[in-house]
Amino acid sequence: MASRKRPETRKTPEVVVRRKSKRSRSPRELEPEAKKLCVKGPGSSRRFDSGCLWAGLASLQVSSPCRNIVRALHHHKLGKAAWPSVQQIGAGGSITGLKFNPLNTHQFFTSSMEGMTRLQDFKGNTLQVFTSYSICNFWFCSLDVSATSRVVVTGDNVGNVILLNMDGKELWNLRMHKKKVTHVALNPCCDQFLATASVDQTVKIWDLRQVKGKSSFLYSLPHRHPVNAAHFSPDGAQLLTTDQNSEIRVYSASQWDRPPSLIPHPHRHFQHLTPIKAAWHPRYNFIVVGRYPDPNFKSCTPYELRTIDVFDGSSGKLMHQLYDPESSGIISLNEFNPMGDTLASVMGYHILIWSQEEAGMQK
């Protein structure tokens, strides 16, 4: 089949924000207050005082709409300047990866289904194009950046991974997987090590100094299902993987060949759902992930809620669940701020901001 030419990028005049839906909810969504889940009890962890941490988690609340918080922060920093409008891609051109430029916080890198990996600013300007496909058959699915090594790494939908320096020079371009590369991640403490995840049901570990071809990986970690993500822990000592069915794994970086810790968890995937990805807390050894109840999952209960689940990273024990009865959609992505006291959760067109009451952001 002949390749189709990629349509031109269109610019929209403003960012559109969809408010929370006011529709009436079904009886399934309106379960009794007893269904609102709370702290399950303290658990052991090698890296923190669990009692203090879980008490902090218990005080988390969902704050007012994200738009108001972001606008307030923007006005606080820039005065009453107009809200910036970043150039949008248009239909079918979703952003697949985003990383702030570690050398300039007013800039960010993106990978997209538009077929580009590029550096942009908040005025909507493209400062530099690192990779580009001119046809619709190929696009980029993942992205990571290192300030120490000054490199950008990106993966595409047919298994290629490209490494470039921050000047845009391509260092290598290799087919590392048989299918789409869903995630690339550089080790935060030793960034010559790269983890790549793919729908070919593998996660591979690479040493950037020794990459010569598709067989030069250090380790290949087979999974039973396609893999959505592979995240190194903040200390670089562990690797967290999320598949497209019902399994979260935690590997030890010092013993890749050792069987991983397995955490059964319902988060099955379908075409129009943003892939669910488990993430680390930036300071403590615990994991957050959105739950998509599955009637075929072993421990599924009637009217199970679409919660944000918090697991102890050492034991795999479920410690806490967050739920907002007014926002009962599927939480696909979760991201903590660097201090770890505020959590942003992505649910379709909405972003929920969870913060402790002391932060002054109440529901």
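Including glycine, each Cβ sits where the backbone N, Cα and C put it.
Caution: TrEMBL annotation is automatic and unverified by curators.
Annotation comment: TrEMBL describes 1-35 as region 'Disordered'. As annotated by TrEMBL, compositional bias 'Basic and acidic residues' applies to 1-17, 26-35. The repeat 'WD' annotation in TrEMBL covers 174-216.
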Which sequence-distant residues neighbour the repeat 'WD' (174-216)? Criterion: at least 6 residues beyond either end, Cβ under 8 Å.
141-146, 148-149, 151, 153-161, 163, 222-232, 234-236, 239, 241, 244, 253, 256, 275, 277
Restricting to the repeat 'WD' (174-216), report the mean pLDDT as a whole number.
95
